[in-house]
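Here's the structure we're looking at; comments come further down.
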Amino acid sequence: MPSSSLSHTPAVIAASCRKRNRLNAAREIDPVTLPNCQLIKGIERGSEDIDILPNGLAFISSGLKYPGLKSFAPDKPGEIFLMDLNEEKPRAVELRISRGFDLASFNPHGISTYIDKDDTVYLFVVNHPHQKSTVEVFKFVEDDNSLVHLKTIRHDLLTSVNDIVAMGPDSFYATNDHYFSDFILMFLEMFLGLTWSNVVYYSPKEVKEVAAGFYSANGINISPDEKYIYVADILDHKVHVMEKHANWNLTHVKTLQLDTLIDNLFVDPDTGDIWTGCHPNGMKLFYSDPENLPASEVLRIQNILSEEPAVTRVYADDGSVLQGSSVASVHGGKLLIGTVFHRALYCEL
């Protein structure tokens, strides 16, 4: 069959329609504005994930270069920024990383913090050096705004890591957003709608798959009581609630269906509310067009374990202010909104 005919076969047309549906290709949004917001100075190349310590110190990953997505500085290494949300006018400060770590290939993605019993703060960073997947473990030294690199974690089950939630100083759950790590195969996986994405538990003693069957498992986080793990399937527009067991296995509890592409998840430690940065129209994110910018959307999910969780659109922008929101994190009435490759927004709620 000639290639021109192949592109019009029913199977290919059906796959293309499914892909458009998963990317919400037809969706447009109405703006939802917040009165006290400003772009964060110094963050120009993305703020893909944000995690906030109980004391109000926020870590921000910046400079992600991801296959198929735009980058404003493809040759510049990634960075980790810190913001102190206790300050009257918080500013982003780049954290210095200890010698010996390969900064040139630093390509940070999802992040997670863990506070040990002795108050040591560990920062886990998903890294994609040379388009591979590793997890970097750092110790945060607050006195001189620095990160001391402790170890690099690689494993055959950590193939295409997107996000991470730390369970201890050297253990975590991680999402693999694709089965394949090769860009062409990743695209084919998405085009065909394969549900081969998964969640992996890692510790020095045991590494295992604990959940599977996702189109593209993305953001992951844990409830304040540490009983439940939340997983965002970005291409299925769902948040999955999983019960965590003593052996670290996960079992499915419920699913919340939304109408947007859900990226990272942040859990408010005080209320248990889930805050998420979303992509209203994923087609605009992947097919970057300066005349048709990727939009941003922030949702707040309350009482997710109840029969009728409350979902509120807190913020929405058509891309004129903020392009491609990927995370929304809150602390003390302040909201940080991060993006895959664009700027970051600071708002007072």
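The backbone N, Cα and C atoms fix where each Cβ goes, glycine too.
Just so you know, TrEMBL annotations are computer predictions that nobody has curated.
Within the set Cys37, Cys278, TrEMBL assigns Cys37 as the partner of Cys347, by disulphide bond.
In this structure the C-alpha atoms belonging to Asn264 (Ca(2+) binding site) and Cys37 (disulfide bond) are separated by 21 Å. Proximity of Asn218 (Ca(2+) binding site) to non-local residues of its own chain (separation of 6 or more, Cβ distance below 8 Å) is seen for Asn162, Asp163, Thr175, Asp177, Val231, Ala232, Asp233, Ile234, Ile262, Asp263, Asn264, given in sequence order.
Here the recorded positions are Cys37, Ile111, Cys347; the one with the fewest Cβ atoms within 10 Å of its Cβ is Cys37. The C-beta environment of His109 (active site, proton acceptor), restricted to residues of the same chain at least 6 apart in sequence and closer than 8 Å, consists of Glu48, Asp49, Ser61, Leu64, Tyr66, Val125, Val126, Asn127, His128, Val161, Asn162, Asp163. Residues His109, Gly110, Val126, Gly219, Ser326, Val327 surround the recorded Ca(2+) site, their Cβ atoms falling within 8 Å of the Cβ centroid of Glu48, Asp49, Ile111, Asn162, Asp163, Asn218, Asp263, Asn264, which are themselves excluded. A Cα-Cα distance of 21 Å separates Cys347 (disulfide bond) from Ile111 (Ca(2+) binding site).
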